[in-house]
Amino acid sequence: MASFSSSCFLLFAAILALVSWQAAASDPGPLQDFCVADNTSPVVVNGFVCKDPKAVTAEDFFLAAKLDMPRDTKMSKVGSNVTLINVMKIAGLNTLGISLARIDYAPLGENPPHTHPRATEILTVLEGTLYVGFVTSNPKNKLFSKELRKGDVFVFPQGLIHFQFNPNPYKPAVAIAALSSQNPGAITIANAVFGSKPMISDDVLAKAFQVEKKTVDWLQAQFWADNHN
């Protein structure tokens, strides 16, 4: 009987751990119909404090984003422009665990290798062709890649390094991405490694990339611009 009770307890503990892990794996679920972000509150929480429901209006869930309009990619050194619609743009997204982005690519432009620490991404090509891919974690670092055409969809798992590249030298491309967080975050690998403030020691990076320090110094001297708006 004691053995049976112990087995039941272990099973319950395993289920509880699994449920807890799943609950912690994404944005917290809402406990009411909505929790519009109160950007004026001085209280610091994981996310945003709820606005008084009596003061909520339809405007809290709306943004005239003009996502049907092409974005300028000429000013970007990587030839892309990411227009992110997250909780900082629409307060009503608070606690709802979703955001959206329009991505414009110049001919031969790319959205360089990056990660979203808090979101899985599903990308749909609206115009043009894109070569996309993601790399798995250590130790295999396996590349999953695919060439996408208009109407195709591809998924980038949460936290994994991924990229999109427009291989066409003459025509631009456009994609829409949905992300499973109100604030997915973005870490562009090159910017973070070579453009950090303060800079990472060139001794560290030379050893990590197995190159001479002067190569690291040259890379750190570049202007690492952000392609997000």
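Glycine too: its Cβ is placed from the backbone N, Cα and C atoms.
Candidates considered were Cys8, Cys50; the recorded disulfide partner of Cys35 in TrEMBL is Cys50. The Cβ of Cys35 (disulfide bond) lies under 8 Å from the Cβ of Phe48, Cys50, Lys51, Asn94, Thr95, each of these being in the same chain and 6 or more residues away along the sequence.
In the domain 'Cupin type-1' (73-217), the DSSP tally of helix, strand and coil residues is 22 helix, 56 strand, 67 coil. Reported as a whole number, the C-alpha separation between His116 (oxalate binding site) and His162 (Mn(2+) binding site) equals 9 Å.
Neighbouring residues of the recorded Mn(2+) site, listed in sequence order and excluding His114, His116, Glu121, His162, comprise Thr115, Ala119, Phe134, Phe156, Leu160, Ile161, Pro184, Ala186 (Cβ within 8 Å of the Cβ centroid).
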